Amino acid sequence: MNSAATRSPRGAKVAVIGAGSWGTTFAKVLCDAGSDVTIWARRSEVSDEIQVAKRNSQYLPGVNLPKTLKATANLADALRGARLVFLAVPSQSLRQNLHDIEPYLEPTSVLVSLVKGVERTTTMRMSEVIHDTLDLEPDRIAVVSGPNIALEIAKEQPTGAVASCASIAVAQEVAQACSAPYFRTYVNHDVVGTELGGVLKNLIALAIGIVDGVGYGENTKASIITRGLAEMTEFAVAQGGDPITLSGLAGLGDLIATCQSPLSRNNTAGRLIGQGYSQEETREQMQQVAEGITSVAPVLELAKSRGIVMPIVQQVAMVLDGEMEPKNLGPHLATEDGIPRRELVLKRDSKPGWRRLFGRRKERTQ
Ligand SMILES: NC(=O)C1=CN([C@@H]2O[C@H](COP(=O)(O)OP(=O)(O)OC[C@H]3O[C@@H](n4cnc5c(N)ncnc54)[C@H](OP(=O)(O)O)[C@@H]3O)[C@@H](O)[C@H]2O)C=CC1
Ligand SMILES: O=C(CO)COP(=O)(O)O
């Protein structure tokens, strides 16, 4: 496909499925980028408020939404004529939502996941869930991810993101549709790396929240962020991602934003746990989705199946399960043999031009 043939014209119809904080913010970005946007909310009181008052007071208090934004609680109305369909629902409900939208999808619609979680029951990434559910070709599945705290973007504070698709032409089309003056979207074709960046930074943000809740300072947090990026990269590469993606907006960029922002729900959930609340109490206090909590178990399962050790994520799981006190969480687990490891190892991969950044696994056996 050539990019000119697939580029969505200004004013093209797009749909956003999910009207929480991110779906609503993203709908605003798409409107401000010039698309004809309809957002679907599962509750009609939410769609009515967006349609009539151009507000979503539950999720984006104080934010005025574009006059051009349309909203509905009817899936058929939202999806009619939509070339791009942006998915902004919780990861654990995506599969059911896909079944619900299937009858109304246009034959050439591209599905774009904005979701940063892994399906607990299958360990699938969201692009895999889309493929598994709807059997779409890879050039009809894309993801957008980056340092994107919803409320900041809704207030038009500038940031960037990455649009990834196996087809660069489609990634360009998606990137163009979501490039507003305050939201710059770059193109990538590493769907695995882009998607996993968004999933894994949530787990490291939980760890940051936990040590913050304990009262630890900047050295601990900087160590966790740095070693966390190493864990994220090793995991993503083992799943087929490109290490370079993890050093970009969808990896390091999102890691910094989520670990630093008091607006991050994962960071906040971690902080509550660090302050001594149980996982259950934390869930009750959170009014919004904290994807990291549900992604810990499937990520560790995938890591185990690939022989990857993720000390920080493992400790987060232990704290969540009440098997470790928050104050004992650190940037590393004690090694079994007590021998200090090398920090970073640059290795050439078998693929030309690629380097494996973190050779911890191999080194352990040397
Ligand atoms: N908020 C952010 O800053 C960002 C979030 N994301 C990702 O976007 C995804 C959505 O998160 P976000 O919008 O923040 O979450 P919120 O908690 O703000 O909103 C969740 C939305 O999903 C809806 N919802 C809940 N359960 C279902 C279901 N079973 N079927 C359909 N809709 C459902 C809720 O509807 P109702 O109100 O009726 O309960 C609500 O509209 C997550 O994967 C998140 O990681 C990505 C980038 C930034
Ligand atoms: O993905 C996000 C920022 O990029 C939002 O993070 P939280 O889900 O932790 O709020």
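Each residue, glycine too, has its Cβ placed from N, Cα and C.
So that you can see what the record holds, here are the features copied from TrEMBL:
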- Lys201: active site, proton acceptor (ACT_SITE)
- Gly18, Ala19, Gly20, Ser21, Trp22, Gly23, Ala150, Arg265: NAD(+) binding site (BINDING)
- Ser21, Trp22, Arg42, Arg43, Tyr59, Lys116, Ala150, Arg265, Val289, Glu291: NADPH binding site (BINDING)
- Lys116, Gly146, Lys201, Asp254, Ser264, Arg265, Asn266: sn-glycerol 3-phosphate binding site (BINDING)
- Lys116, Arg265, Asn266: substrate binding site (BINDING)
- 13-168: domain 'Glycerol-3-phosphate dehydrogenase NAD-dependent N-terminal' (DOMAIN)
- 190-328: domain 'Glycerol-3-phosphate dehydrogenase NAD-dependent C-terminal' (DOMAIN)
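Using Ala19 (NAD(+) binding site) as the reference Cα, a 10 A cut-off selects Arg42 from the recorded positions Arg42, Gly146, Lys201, Asn266.
Cβ-based crowding with a 10 Å cutoff singles out Ala19 as the top-ranked of the binding-site residues Ala19, Ala150, Val289.
DSSP assigns Gly146 (sn-glycerol 3-phosphate binding site) to coil, not to a helix or a strand. The average pLDDT for the domain 'Glycerol-3-phosphate dehydrogenase NAD-dependent N-terminal' (13-168) in the predicted structure is 98. Closeness to ligand 2 is met by none of the binding-site residues Ala19, Gly20, Ala150, no Cβ falling under 6 Å from the molecule. In terms of DSSP helix, strand and coil, the domain 'Glycerol-3-phosphate dehydrogenase NAD-dependent C-terminal' (190-328) has 106 helix, 0 strand, 33 coil. Filtering Arg42, Gly146, Lys201 by Cβ distance to ligand 1 (under 6 A) retains the following recorded positions: Arg42. Taking a C-beta cut-off of under 8 Å and a sequence gap of six or more, Arg265 (NAD(+) binding site) has these contacts in its own chain: Met286, Gln288, Val289, Ala290. Non-local neighbourhood of Asp254 (sn-glycerol 3-phosphate binding site): Ser145, Gly146, Pro147, Asn148, Gly197, Gly198, Lys201, each in the same chain, at least six residues away, with C-beta under 8 Å from its C-beta.
Local packing around the Cβ, expressed as the count of other Cβ atoms within 10 angstroms, is greatest for Asn266 among the binding-site residues Ser21, Ser264, Asn266.
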